[in-house]
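Below is one structure; the comments refer to it alone.
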Amino acid sequence: MASPSFCLLAALLALVSWQAIASDPSPLQDFCVADKHSPVLVNGFACLDPKYVTADHFFKAAMLDTPRKTNKVGSNVTLINVMQIPGLNTLGISIARIDYAPLGENPPHTHPRATEILTVLEGTLYVGFVTSNPNNTLFSKVLNKGDVFVFPEGLIHFQFNPNPHQPAVAIAALSSQNPGAITIANAVFGSKPPISDKVLAKAFQVEKGTIDWLQAQFWENNHY
């Protein structure tokens, strides 16, 4: 019969192994600049030979230039991830600037691979996230300039500028070199090919004609 100490050791090893699998591994060298032309397929990118690495691999110019806000939802997300800065490969971090028109919003979405921490630079934002089933609890807050809010990894969240006259600006840091974004309405009603209207009518408990109308809309992407 196994001793209590052996059982405890086995449990601790199992816990440590699970935690190691559940998160990105730590870098094993100073940096691993993404080699986007490498034929090697890995989870992320293969490393560029260090002798070819320059400071430009860790640099992106003029991120804070004001981008467009002309889409229907009234916001623009400018993401700086490993695709823009190859030096972010294996470092587990990226950053985004979000510009909101008056009454603009960053609609409900998730980041499947990252936690987000948002800081308001200008204006006011109403923000929130919803927990998983079965409770679906909404945690929301009105943020002003300098305020910070956290959106846990994978949970549906949003930001809305309630001011009808003034724009707002925020910066978000995300805990992945490639956090991904799934905008809920776009994914459900704008998938290609479309989800069966019978499936969605049943799921949302509405008439099929309502689903057909929603699927006929142009679901604009505000992430660039």
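Heads up, the Cβ atoms here are built off N, Cα and C, so glycines get one too.
Quick look at what Swiss-Prot annotates:
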type     : residues                       : note
SIGNAL   : 1-22                           : signal peptide
DISULFID : CYS32-CYS47                    : disulfide bond
DOMAIN   : 62-212                         : domain 'Cupin type-1'
CARBOHYD : ASN76                          : N-linked glycosylation site
BINDING  : HIS109, HIS111, GLU116, HIS157 : Mn(2+) binding site
CARBOHYD : ASN135                         : N-linked glycosylation site
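Take the Cα of HIS109 (Mn(2+) binding site) and measure to each of the recorded positions CYS32, CYS47, ASN76, ASN135: the nearest one is ASN76. When Cα-Cα distances from GLU116 (Mn(2+) binding site) are compared across the recorded positions CYS32, CYS47, ASN76, ASN135, the shortest belongs to ASN76. Checked against CYS47 (disulfide bond) by C-alpha proximity, the recorded positions ASN76, HIS111, ASN135, HIS157 yield HIS111 as the nearest. Looking only at the domain 'Cupin type-1' (62-212), the predicted model's pLDDT averages out at 94. Other than HIS109, HIS111, GLU116, HIS157, the residues of this chain whose Cβ falls within 8 Å of the Cβ centroid of the Mn(2+) site are, in sequence order, THR110, ALA114, PHE129, PHE151, LEU155, ILE156, PRO179, ALA181. In three-state terms derived from DSSP, CYS32 (disulfide bond) belongs to neither a helical nor a strand segment and is classed as coil. Rounded to a whole value, the Cα-Cα separation of HIS157 (Mn(2+) binding site) and ASN135 (N-linked glycosylation site) is 15 Å.
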